[in-house]
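Okay, so here's the structure we're looking at.
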């Protein structure tokens, strides 16, 4: 580990740089930087995940690429997707754990993000090196290339990359020297091999271009003969991806060298290191754009994926003067016929969304700050409310701006932007609404367990178990929302399973709660009076308030979501649509988003502890002297 000496009032304390990353001295005056770093990581996480998912879907449809080469690009896109799905959320968790001064979570998030980043970056570097060697072999072997570079051998090579990278990253916890030595060996080796491969490629192309062209002209009928124009494009695309990785990784590598050779550290070093990490993660967002820009086959397949997604949505029949034309409902939302007579309404929808976006963002940020300072709430219950407030905050930060972008793109008749904004808004809203629904169901079950388990509640409902449950909610929701691009039926099936299940569980939980309270209130009240000295005994008055607050939030979600659900059912079963149907759907969507703005007011109204902390926070922000 990297040693660092920090001076304290009590003397000199020697600690590792990793320990300093979660030390109390780091957070002083750095809350805003930590929150900004976390927000940037979350944004890049979403773009990296969706971008690379689209690339994987495009590669799945592309058949002209040689299968081993396609497998290498799939491996690279998978690592970038996992950076967005795993590494960046863990890094954002680390930064937010500093803000909330949650030391144990900070250590876990720090180690997990390092291991995940090390493993995925290791696979990316090795895969790009393999791509450079693959391009060199395609040039040197000629017609023997397809016989030697087979899919089976490439699968073995990529599996080896994953095993070695995961193993080296895992050793970081107990055998850091092994991880460091693997870096010392792998990074220079990959750099030398890549440079040597591309140098050999360009020298061969320059010195023997005439001979290769003659060989292609003499054997035009051979399918294995090297197509020089296509080969040059393949080399160019691979080199661009390689250069992008170098540019994005060099700042992080430079910071690691600086950190290794320094003896004292400040919070500025940590945040500069954090910026270099963000720059490194940005490579995972950048690569999909490079694939679409430099690889023509991927770009064409990507367009086909977008068309396929539109055609798999809800079918609708529109009557025109020339006859009957069948098109997808989603295509109607980005068609010129949609905008006729609706410009003013769409501008109004966009303005309302921007206003609600700001309100949801500020309101839920205040709630998260209040929940951080509030200590009387039981930690697992507080975590569930944090999860709910986080989804509402992301609705204001991501989904509503995307929806506003969609409506304004329709007004401006920018159809390519319209399609991307429509799909992105749909996926993000699906994910966040699914997490909200699942979290509220978990809150209802949590309240029921608090009543039924009594003093055993704190032993069974632990913070670790709630972390696992909320992580499961996010994973399943993100997966279901992402699959909607290419496998809409799976997303639809997930909705058919989750929505009724959550509704039944919530109704059953609250029904059981109120029946138990009504039938056994006297017995429970007597039990509380007999055990009022026990800290785990159920406080009935406080419990009723907690149930009341949770139920109000649940009812608000139902009221805001039901109109959208009804509109979707109507859209599914209708055959003829007009632009007014889309406008009504937009109104129902705004009502769904309004739930994210409404929830902070419900928390302040129904949860006294949260209301008190929010008032204090607002007074401090406005510099009011009174308390």
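Using N, Cα and C of the backbone, Cβ positions are placed for all residues, glycine too.
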Task: Per TrEMBL record, range annotated transmembrane segment [choices 346-371, 424-449] - done: 346-371
Task: Matching range for TrEMBL feature annotation, transmembrane segment, among 383-404, 515-536, 603-624 - done: 383-404
Open item on the list: For the feature transmembrane segment as recorded in TrEMBL, pick the matching range from 319-341, 549-571.
Closed with: 549-571
Open item on the list: Need the matching range: TrEMBL marks transmembrane segment on one of 18-38, 39-59, and I'd like to know which.
Closed with: 39-59
Open item on the list: Using Cβ atoms and a strict cutoff of less than 8 Å, what residues sit near the transmembrane segment (383-404) while being 6 or more residues removed from its termini?
Closed with: 39, 42-43, 46, 349-350, 353-354, 356-361, 363-365, 367-368, 371, 377, 421, 424-425, 428-429, 432-433, 435-436, 439-440, 442-443, 446, 463, 466-467, 470, 473, 553, 589, 593, 595-597, 599-600, 603
- [ ] For the transmembrane segment (466-486), find every same-chain residue at least 6 residues outside the stretch whose CB is under 8 Å from a CB in it, and list them.
- [x] 49-50, 53-54, 57, 60, 85, 305, 308-309, 380, 383-384, 387, 423, 426-428, 430-432, 434-435, 438-439, 442, 494-495
Open item on the list: If I count Cβ-Cβ pairs under 8 A between the transmembrane segment (238-259) and each of 112-133, 179-198, 577-602, which range comes out on top?
Closed with: 112-133
Open item on the list: Short question: most Cβ pairs under 8 Å with the transmembrane segment (577-602), which of 39-59, 112-133, 154-173, 179-198, 346-371?
Closed with: 346-371
Open item on the list: Please compute the mean pLDDT of the model over the domain 'G-protein coupled receptors family 1 profile' (363-603).
Closed with: 80
